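Pulled from Swiss-Prot, these are the features on record:
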COMPBIAS  654-664  compositional bias 'Basic and acidic residues'
DOMAIN    3-268  domain 'BAR'
DOMAIN    277-375  domain 'PH'
DOMAIN    488-637  domain 'PID'
REGION    1-428  region 'Required for RAB5A binding'
REGION    643-664  region 'Disordered'
Amino acid sequence: MPAVDKLLLEEALQDSPQTRSLLSVFEEDAGTLTDYTNQLLQAMQRVYGAQNEMCLATQQLSKQLLAYEKQNFALGKGDEEVISTLHYFSKVVDELNLLHTELAKQLADTMVLPIIQFREKDLTEVSTLKDLFGLASNEHDLSMAKYSRLPKKKENEKVKTEVGKEVAAARRKQHLSSLQYYCALNALQYRKQMAMMEPMIGFAHGQINFFKKGAEMFSKRMDSFLSSVADMVQSIQVELEAEAEKMRVSQQELLSVDESVYTPDSDVAAPQINRNLIQKAGYLNLRNKTGLVTTTWERLYFFTQGGNLMCQPRGAVAGGLIQDLDNCSVMAVDCEDRRYCFQITTPNGKSGIILQAESRKENEEWICAINNISRQIYLTDNPEAVAIKLNQTALQAVTPITSFGKKQESSCPSQNLKNSEMENENDKIVPKATASLPEAEELIAPGTPIQFDIVLPATEFLDQNRGSRRTNPFGETEDESFPEAEDSLLQQMFIVRFLGSMAVKTDSTTEVIYEAMRQVLAARAIHNIFRMTESHLMVTSQSLRLIDPQTQVSRANFELTSVTQFAAHQENKRLVGFVIRVPESTGEESLSTYIFESNSEGEKICYAINLGKEIIEVQKDPEALAQLMLSIPLTNDGKYVLLNDQPDDDDGNPNEHRGAESEA
């Protein structure tokens, strides 16, 4: 017998589209078999009906032959021979009737009954298991949808536990029903062969027994053939029993796995994450926009193929291209209060698709895999080794810390070297750029820690700056909170969110800011850090001040003369950063870069900083100051008007822009 195709029980839990596609082939085969079995049963019942009719007909014939004697023929003389002959024929017909009756009974037991049992037992079982599998799959999809909607923040642990148990129960139920369904379909491939041959064996045996007295030669030839067929059926029966035992043992082993196999995100604290993947596959939730403000999430099967991200819905024969991953960027994002979301951005900076994984492990592995693929590692001779090396370097460079003191302690001595390539020692506005782009190691030392918290908390800075001042219990600021701002010609405020800061080795080029942006964003993506501190950045002609929007207390203050470099991101216009030169107690100076995300364009913040530096320069020359004041419009109170109050086109709330760019 040729090998029989079968469904792999090990793939039942994953429930991939490939398995579903193969399952549909088995289901189509079962449907075809059901239709054919019904037609075959009708034909066999017709034969059985004809045989029963033959029994009734021969019985009636025998009676009718005997009835000849009782007929009152007008010319009935000489009928005794006929009557005796008919009596003999009646006995022959009675004997023949016995043979037909025996044949009819044998056809019912060996031909019709097996095919009816096959239809009512095996085919009905497959149909019932199919319905149960469909119900279990629907319950699992509903529970996964409910689990996916769990909020990320302030979530009820009891609800989370209950939903997790519900997902595990639904997944276990789907696994059990799929295993039973797969086993039934696999066994059906054997049983259908037996079901087709066993009835015909019974039919043939019945006919042979019926004609045995007059067909010894024929029966001998048929006996040899039927013997071989019976041996084949017996061998199939042996194979079925062995396969059934094998599937039973395999089913028990698969059902005895740890409970964590069914529970999503089972190891939240310390999942085993493989950051060296160059290919990945699994189910993700895809965010689709259905209107101006409405979205839907669809659970689909995604997999990578070379440098492409593919998607394959259930029932589809093959996957389709969703995103070209070459030179793309990926990072974790907050989206609609859902957990484990990440966004793929195209090389031109446009936002791509947003996907949601079912666990932290899956989320980080997808991010790492896409990040590896985007670097075209898969084209190298040994992509796994390249991925391991790159991720080791990245982890060393982006180890996060949240203590400003630790950051200063771990800074390398090379970060405190004073740069000698400034245009002059009076802190010119724009440092002189180098002739060629420096390497990343020349800008930032490998392994430099990144600080994700703001420099000082608001309460600590309040105690340091205000001393014994009375604290307003209502959080309102005092009029004299920032006395130096009242005397400043320049006052401009922006809404910013702090992304991170790190020590740098040089401030001779803006490339150091771009490299710091890259490392900070990469660190946030790798370590799954979403939290950002929002502040008001006030730019004056003396300083840059970060103000708590709730308490109006200054979080950090940088002298404008200590700002040696500032730049906005070339593609993401809302990213802005600046380099601060701070003197150390040892007499040397340290350089640190600070990265922010702004509600407005970063170029506007850079323009304000640049103007503040110009004011510092021209304040030494009254004539130059007068020319500068004439060249720039002023407000009624004599402050500089830097920016209009019109919102950007790509922001939805004008009030946010007026708040972000209002004058203090």
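Each Cβ is built from the backbone N, Cα and C atoms, and glycine gets one as well.
Sorting each residue of the domain 'PH' (277-375) by its DSSP state yields 15 helix, 51 strand, 33 coil. Predicted-model confidence for the domain 'BAR' (3-268) is 85, expressed as mean pLDDT. Across the domain 'PID' (488-637), DSSP classifies residues as 47 helix, 58 strand, 45 coil.
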